Amino acid sequence: MEDGAKALFKPMRFPREVETLPNHFYFTDFERHVSEIASFHLDKILGFRRTPPCVGRKVNISEEFYPLVEPELHKTFFISPAGNVCFHGQCTYYCDTSHAICGNPHMLEGSLSIWLPPRNILERKPIKSPWRRSYNKRRKASWETDNYYCINQVKVNPPYNHGRRIYDLMDLAIFDYLTGNMDRHHYDEVFTFGNDSALIHLDHGRGFGRTNYDEDTIILPLLQCCVIRLSTFNHLYSFHNGPKRLSDLMRESMANDPIRPVLIEPHLKALDRRVGKILGVIRLCLNANSPDLVFLDDM
């Protein structure tokens, strides 16, 4: 950008209606540009405001991309048999002709997210999530099979045994469950402010992949820990009881995005269904614990 700021562009890989294949693992699924955009709006509606701003945009590959890329990348650009301009760049995975990104014929839709300032300005570090998945096709992570994982392995150790961090992770689990994102291996901490700072939610490309399926393991952190901010609960309760459901708020929030509609209607309806399931988990927690142990009064 003219002021020296940077942004991250995630291109459209396939139409909005294409869903994650049931036989694909979470770590092999392609990322969705609309998931980045929708996740920003969801983060804002939930009151978290921990996701960098993101907006949809259409770019001309020939006029806006090709003249700016490094010369050695020019050889990765080509014209497809359908007459569309395509490229695949250089990377470790999926950077070949069979996984190329193509325009129609020159125009390409994608998401544009603000790139965080360099670390010498905004000092931060990625932290492994305690509920990180195994990323192995044959083995589950220990938290997926141990109902007491939170009590015995997480809440007894810093930084989760005091302060806001455990509640931040409950917010993050709720956020990821609503989007269907199983790919949350790290979160980012603004190191400058220590354990009292909010987390930064980055990389949401593997959300909104399935409309008729809810990955219930994503919400296991909440079921295992049974703690939640009262403000987060109140948001969820208002989405369920009205006056406006979460789907309505998301539809309104994304209505002016340049590549609207960002999500197809079945994804919006899935949000309402998942809100109900999260409230069901909280109900189970309240059946087993007193409200003062479940809710953190942050109002």
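Glycine is treated like the rest: Cβ placed from N, Cα and C.
The feature ATP binding site is assigned by TrEMBL to LYS10, GLU31, SER113, ILE114, TRP115, LEU116, ASP203. Close to ASP203 (ATP binding site) in the fold, though at least 6 residues off in sequence, lie ASP183, each with a CB less than 8 Å from its CB.
Annotation source TrEMBL lists Mn(2+) binding site at GLU31, ASP203.
Sequence annotations record features per position, and here TrEMBL assigns domain 'FAM20 C-terminal' to 77-292.
All protein chains considered, the CB of ASP183 (active site) has 18 other CB atoms within 10 Å. Residues or ranges marked as active site by TrEMBL: ASP183.
Summarising the ATP site geometry, the residues cited as binding it (LYS10, GLU31, SER113, ILE114, TRP115, LEU116, ASP203) extend over a maximum Cα to Cα distance of 20 Å. A strand conformation is recorded for LYS10 (ATP binding site) in the three-state DSSP classification.
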